[in-house]
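The domain 'Tr-type G' annotation in TrEMBL covers 4-186. Residues or ranges marked as GTP binding site by TrEMBL: ASP16, HIS17, GLY18, LYS19, SER20, THR21, ASN133, LYS134, VAL135, ASP136.
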Amino acid sequence: MIQTNIRNFCIIAHIDHGKSTLADRLLEYTGALSAREMTEQVLDSMDLERERGITIKAQAVRLEYQAKNGQKYVLNLIDTPGHVDFTYEVSRSLAACDGALLVVDATQGVEAQTIANLYLALDHNLDIIPVINKVDLPSAEPERVQNELHEIIGLDPDECIMASAKTGLGTEEILEAIVQRIKPPQGDARLPLRALIFDSLFDSYRGAIAYVRLVEGKIAIGQRIRMMATGKEFEVTELGTFRPAMCPAKELIAGEVGFVIAAMKNVRDVEVGDTITGVENAALLPLPGYRPVQPMVYCGLYPVDNAEYNDLRDALEKLKLNDASLIFEPENSTALGFGFRCGFLGLLHMEIIQERLEREYGMNLIATAPSVVYKVFLTNGTVLELSNPAELPAANHLDHLEEPYVKATIILPSEFVGTIMELCQDKRGIFKNMEYLTETRVMLTYELPLSEILLDFFDKLKSRSRGYASLDYEYLGHRPSELVKLDILLNEKPVDALSAIVHRDKSYQRGRQLAEKLKEIIPRQLFEVPIQATIGNKVIARETIKAMRKDVLAKCYGGDISRKRKLLEKQKEGKKRMKQLGTVEVPQEAFLAVLKIED
Ligand SMILES: Nc1nc2c(ncn2[C@@H]2O[C@H](COP(=O)(O)OP(=O)(O)OP(=O)(O)O)[C@@H](O)[C@H]2O)c(=O)[nH]1
């Protein structure tokens, strides 16, 4: 019993190559939405996503299409996140599909993320339909892109569909290709239930909602279900499909994509990648590929005003309801007071959470520099996982440290190869491979410490390649590294929130630069403030902030009162983000100074 009239597919594309626009065209063509309703792109639903123009949460929509052969088909489009932070979410969305549209911008060509996601799709055995988009643009070079796809993955140039998501060119051809070239779902509805959770959402009335792909069996309202990884059990209260609004159904069967609601209190009850089975007639094995959430990047978040500590905790708890990958625990810093150490999937995820805390919850925050997770091997044989550099035990207790490494894939025009290789070398990269994709485009593979990528790798990559290089990376594992702790003292007092773990070879240089940078950033105070950088007990750099009488009104010559008020307001604004450390006032940028150091 196989559902021959269903096709489950996703769209793989590099950022800005036109995934959302193409999805809109498909929705419009199949009548899922009228043109008038199409004022906004449907699949990116969070405000922040729209503003940043990226896709964060995977979602799904069901299209109905009458093919040229006269048959009706149900096409489930599963949206995938487009950013390297969300690789695991991407892999779960791909696992829910049988085929993928590979969208490549005809003016840009294949990029690092296209390749990374394409390889993921091939791993999942998806049928690939290459779509060359934006052929309406004068600068489009569809033949070159066709060639690249042929060189890189051996795709037959004749298989490529020329399209413009803007004008609608190629839309029908794409829909026909989905029906003809993507295999129907293979699972049997008579087997015990196995449904893959590929995404989840929190609704304040209904609790957590699971987005599922039924792989085998059936699920019906009233059925008792079990989450195979967590063992939690629930009773199904609502089911249905997305068209794109939620449309209720009595049951879902193998091959279908839809949602399940079962009085689940928060998104941790519905972990992405987990398998739903029945309490009765349970499946023996879960679907492959589940992995618990693993944050890669941590930072400390502290309220500027200590009285807002409880508000911050409430806000984080609310965000966590809807974001299973956000992790936080209380932390105490001598410099910053009470706050939280928060774990994120990557830098973008971190920025999004910070921005939401500030915008949606009105928090005024100090964020410390992001850190990776180090493995600390102590002389007594214990191993610690450490995400806060300030907590590194003293050197005499340390046997050695390990830091996370990633495999980085960089695609760039060949003229920039020299400068980018130099950059990778400088970031402690280990060269692995260089491959010409075409005459003018090169793919470089390096192994790099994740901490170097967090620093400023991406910005430097972009500036050195005039924006043309693209980067993707995946976690390889932890490796031993010669790391030391760099401390900063302000006014003779160590500031724990400014401590950093750095490579021994770079520690002196980093200490000097950090002291210089802090001198620039920290405003003059009423007294002289020494800044010292130390490793162990050794001072490796020293700067002094000269004393100054702060008298902003002096500039006004006692004249215009409105101007005076303006200046005072401005000064108040400037103060907001200041944190009083002992007797010294330190602005937010100081805690991120370590990220902004120029080589
Ligand atoms: N001229 C032209 N512009 C297009 C076409 N398709 C998309 N665009 C434009 O390209 C930009 C990026 O398109 P999106 O659909 O937002 O890209 P995306 O791949 O969904 O981006 P992410 O959501 O970040 O992954 C938008 O400004 C679109 O209007 C096309 O076929 N022709």
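Even glycines carry a Cβ here, placed using N, Cα and C.
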- Task: Could you list the residues of the same chain, at least six apart in sequence, whose Cβ is under 8 A from the Cβ of VAL135 (GTP binding site)?
- Result: ALA106, PRO142, MET162, ALA163, SER164, LEU169, GLY170
- Message: Near ligand 1, meaning Cβ under 6 Å from any of its atoms: which of the binding-site residues ASP16, GLY18, VAL135 fit that description?
- Response: ASP16, GLY18
- Entry from the binding-site residues list SER20, ASN133 having the most other CB atoms no farther than 10 A: ASN133
- Message: Taking DSSP as the reference, which of helix, strand or coil describes SER20 (GTP binding site)?
- Response: helix
- Query: What's the longest C-alpha separation between any two of ASP16, HIS17, GLY18, LYS19, SER20, THR21, ASN133, LYS134, VAL135, ASP136, the listed GTP-binding residues, in angstrom?
  - Reply: 17
- Note on the structure: Across the domain 'Tr-type G' (4-186) the predicted model averages a pLDDT of 84
- Going by C-beta under 8 A and a gap of 6 or more residues, the same-chain neighbours of GLY18 (GTP binding site) are VAL103, ASP105, ASN133, LYS134, ALA165, LYS166
- Note on the structure: For ASN133 (GTP binding site), the three-state DSSP class is strand
